[in-house]
Structures are given as structure tokens and as C-alpha cells.
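Among the features that TrEMBL reports, domain 'Inositol-tetrakisphosphate 1-kinase N-terminal' is placed at 11-100. As annotated by TrEMBL, 1D-myo-inositol 1,3,4-trisphosphate binding site applies to 20, 61, 169, 201, 299, 303. Per TrEMBL, ATP binding site is recorded for 108, 158, 190-201, 216. TrEMBL lists 122-318 with the feature domain 'Inositol 1,3,4-trisphosphate 5/6-kinase ATP-grasp'. According to TrEMBL, the feature Mg(2+) 1 binding site maps to 283, 297. Among the features that TrEMBL reports, Mg(2+) 2 binding site is placed at 297, 299. Sequence annotations record features per position, and here TrEMBL assigns compositional bias 'Low complexity' to 328-340. Look at TrEMBL and you will find 328-385 tagged as region 'Disordered'. TrEMBL lists 375-385 with the feature compositional bias 'Polar residues'.
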């Protein structure tokens, strides 16, 4: 006579902003986690976290809260300090993703520097366009720094802070030295890479990544013309219709930018090792004429719009993390390629860089290619598992 064996269930805490929670189908998330043997528990940051546990893991979208705390906001600072004390007192809880790992993506200059100093060059024809941080209002000093850093005209001027404010998406294109005065420090200046108005957003979920194509800026070259100011969300949403994305007649051709899967596998493997994160997004453009890949932005916990079955993939990550033990990593990457041009999306309750819109869209014409994957990261101690 047999007996039923009840496997132990893991409690997973989560925190998203109220606005994001309304846009997420949390009922679906709870259901998928329940089927996987995970109890999903919403965390109230205004109450002691230790009274709401125990937790095997915590998944969160606190990027903006951390950014505001680092900028000195008292309420955000109290929340972050309380959370970090709790984690220090409970080091076995897996955090997706750890605050220290997230902070490396809050400042664009730090992000670009970290990736530039990684093993990325070993992946092949991929690079971070020349960049420099501008922190002074002295135009002559900024011109000198641009020249020393090898930043060419035109360049894109981006706010240094990549999260925590809608201002993070207010950018400009500076075409000549006389317009450097239009930069608003603190900011990061990065050489503009012509890419035929096509942006590839790479959404990473644990061992997998998904490729979504978006509209982007048309090709520009240095010229004595006024600075162009724009909001990156107005250009690169799936449903964006911007004159900045329309190629000039002499630039139009029948060759559409594409991504090489094997090269992208190597790039994503190296980025995951460098960042030690499970949820992040990468913006890549393919340089016109050379075909080289330019990494122009990286975001923590992006919107994942265009990624099918988002909660299923996240639940798989959670389940593997809470049930795994440290082992060495030696595998490839799982990839999915999705086209999301022309699909509508809503703005997010929390901005997370250029990939911050939170509503997911699952079109019927999505194509998928799948391989095996690389290691997850144990986010309590940043070792691969």
C-alpha cells in the first residue's frame, strides 16, 4: 500500500512597485510558482521583513529605490538599509539580483567601464563605443576630455544615472564641437554608431536570452547642425513612429541588419560572468559597413516586452536557484529570437533604462531558436551554480 510523498515547498518573497504589480499578471505568476512547488509571498517593505519569512529566495524590482537611496532620498535610504541588514543577517537567502550587482548598472559610466574592462574583446567583433563621463560645466574641459577619450562626432549624450527617474531617458545627439555646450553634466558622451535604425534588445532570464528587434535612430554623421534632443522611449518602443527612425533616401537598402547566433552566444556568456546577474537586458546595434556589434546600454530587470511566457521562465530560474548547490559552469546559452516591431506597449511603473516598459506582448508570429544554456548565479555569494 503506497503513500503520498509531499515534497518540501520553498517560500519565495517578491517586491514590485504597485504600478508594476498592476501591469504584471501576478495571479498568473502565483499560479505558475504554485505548480512548481513555490509559495510566492508579497513583501511589505514598511514592515519588518524578518516577520514575513522565512524565505528561500527573494526576487525584486528595487532598482529605482536603490537609485533614489544612493542619491540621498531619506525614505528610499531607510528601505534599502533595512533590506540590506536583513540580507546580511540571513546570508542563505538567494537574492535575485543582489543590490551590489544592481548598483553596477545604475551609473552608465560605471557600466560601460566594467564591460569594457571585461573579457568581452575575446568574444570577437563586439565592442563598447568610445565613451567619457562629463561632470563639469566647463565646455573647454569637456571638449578636451572628449578628444582624449576618442569620442567622435556625432555622439550621444546620456544622463549618467541610468535608473530612478524618467530623466534617465532624456538624451541628445551632438554633431560638432561647437555644440558641446548643449551637454548637461553629469552625463556620459558616447560615439554614435550608424546602425540603419535597428536596435536589438537582448533580454536575459537566468540561463536563457531572448532577442527582440526594435526601431532605433537613423544614421547620422558629423555636421554643423543643431543638437537633437529626444526621449529614448519615444524612439525605441515597439510601436514608436519617430522621424528620427526614418532612414534618409540615400541610406535605404535591401540589406537588413542581422545578428550572428554563435557570436551572440559568446557575448552573452561573457556578460553574464562579468555582471553575475540573472535578470538584465542588453541593447546592441550592428555597426553599418563593418557588421561589428556595439553594446550601447545594459539595464537591470528590464520590461521583457516581446518575451513569451515570461513568468514560466522566471519560475524556472527561481526553482533551479532554490534547489541547486554549487557546481562548475560549462554550458552554452538558450536563445529565442522575437520580432516585436509594431506591437503596442504601456509605460512602466518603474523605469529601468531603455528597456523599462513592463507590459509584455506575445505576438503570434514570433520565431524561436533554442540551445542549451550557461550557469545560473547564486546571488547570495555571487558564485556560479
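A Cβ is built for glycine as well, from the same backbone N, Cα and C atoms used for every other residue.
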Exercise. In angstrom units, rounded to an integer, how far apart are the Cα atoms of residue 190 (ATP binding site) and residue 297 (Mg(2+) 1 binding site)?
Worked result: 11
For this session: Just name the winner among 194, 303 (the binding-site residues) by count of other CB atoms within 10 A of its CB.
Result: 303
Seminar exercise, completed: For residue 216 (ATP binding site), the spatially nearest of the binding-site residues 20, 61, 297, 299, 303, using Cα atoms, is 297
Seminar exercise, completed: Smallest Cα-Cα separation from residue 108 (ATP binding site) among the binding-site residues 61, 169, 283, 299 is shown by 299
Exercise. If you count Cβ atoms within 10 Å of the Cβ of residue 201 (1D-myo-inositol 1,3,4-trisphosphate binding site), leaving out that atom itself, what do you get?
Worked result: 28
Seminar exercise, completed: argmin Cα dist to residue 283 (Mg(2+) 1 binding site) over the binding-site residues 61, 196, 198, 303 returns 198
Exercise. What Cα-Cα separation, expressed in whole Å, is found between residue 194 (ATP binding site) and residue 61 (1D-myo-inositol 1,3,4-trisphosphate binding site)?
Worked result: 33
Exercise. So what's the average pLDDT for the domain 'Inositol-tetrakisphosphate 1-kinase N-terminal' (11-100)?
Worked result: 92
Exercise. Taking the Cα atoms as reference points, how far is residue 200 (ATP binding site) from residue 299 (1D-myo-inositol 1,3,4-trisphosphate binding site) in Å?
Worked result: 13
Seminar exercise, completed: For residue 108 (ATP binding site), the number of neighbouring Cβ atoms whose distance to its own Cβ is within 10 Å equals 25
Exercise. Rounded to a whole angstrom, what is the largest C-alpha distance between any two of the residues 20, 61, 169, 201, 299, 303 that the record assigns to 1D-myo-inositol 1,3,4-trisphosphate?
Worked result: 20
For this session: Could you round the CA separation between residue 198 (ATP binding site) and residue 169 (1D-myo-inositol 1,3,4-trisphosphate binding site) to a whole angstrom and send it over?
Result: 18
Exercise. How many of the residues that make up the domain 'Inositol-tetrakisphosphate 1-kinase N-terminal' (11-100) does DSSP mark as helix, as strand and as coil?
Worked result: 45 helix, 17 strand, 28 coil
